[in-house]
Amino acid sequence: MALAPDRPVGGVLFDRDDTLVVDVPYNADPHLVVPVPGAHRAVERARAAGLRLGVVTNQSAIAKGLATRAQVDATNARVDELVGPFDLWCVCPHDAADGCDCRKPRPGMVLRAAEVLGVPAAELVVVGDIGADVAAARAAGAQGILVPTPRTRQEEVDAAETVAATLDDAVSLVLAQRSAPVA
């Protein structure tokens, strides 16, 4: 599946857990960060193409008291070191029950990233492993690419407009769209 052919792409926002790095539930230890296969190469390709890059990640461990913001920031710094660098990190520290505007599938982090990166939300692509990632993209007016893992529910795959087998394949879709003439 391809991205919408009539939309320019100026940036990519990646989910963190199970998209860039192997998910360790509520991880607060930078030493446990392990990139998913091909993550560094995929991010490097996107950066080399001149795209603005960010990470948008729900980290409810903070709200649950399982990690401090400093621990999450240190873990994110390790991801940045191994896979990045990224131009921006947006972290939702809330739990699902908090009703914030930033927690995916709500659009808050995507809209904030668009503002900080100076890229209209319509020119962003959000890449993630669950339906909340692509729903946040859609709610913000961005495009989404689902990269399913064994934990991704089939109904999330079925509902996604664009699906890629791997993170590198997702970046290939973005780069193909970036080089295509906009109608």
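We number each residue from 1, going along the chain as drawn.
Here the Cβ of each residue, glycine as well, is placed from N, Cα and C on the backbone.
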**Asked** Do you know which of Asp101, Asp129, Asp158, Asp168 TrEMBL groups with Asp15, Asp17 in the Mg(2+) site?
**Response** Asp129
**Request:** Select the most exposed residue of Cys92, Cys102, where exposure means the fewest other Cβ atoms within 10 Å, treating these as the binding-site residues.
**Result:** Cys102
**Prompt:** Around the Mg(2+) site recorded as Asp15, Asp17, Asp129, what other same-chain residues have a C-beta within 8 angstroms of the site's C-beta center?
**Reply:** Phe14, Arg16, Asp18, Thr19, Leu20, Asp23, Thr57, Gly128, Ile130, Asp133, Thr149
**Request:** Identify all same-chain residues not among Cys92, His94, Cys100, Cys102 whose C-beta atom falls within 8 angstroms of the centroid of the Zn(2+) site's C-beta atoms; report them in sequence order.
**Result:** Asn58, Pro93, Asp98, Asp101, Arg103, Arg106, Gly108, Met109
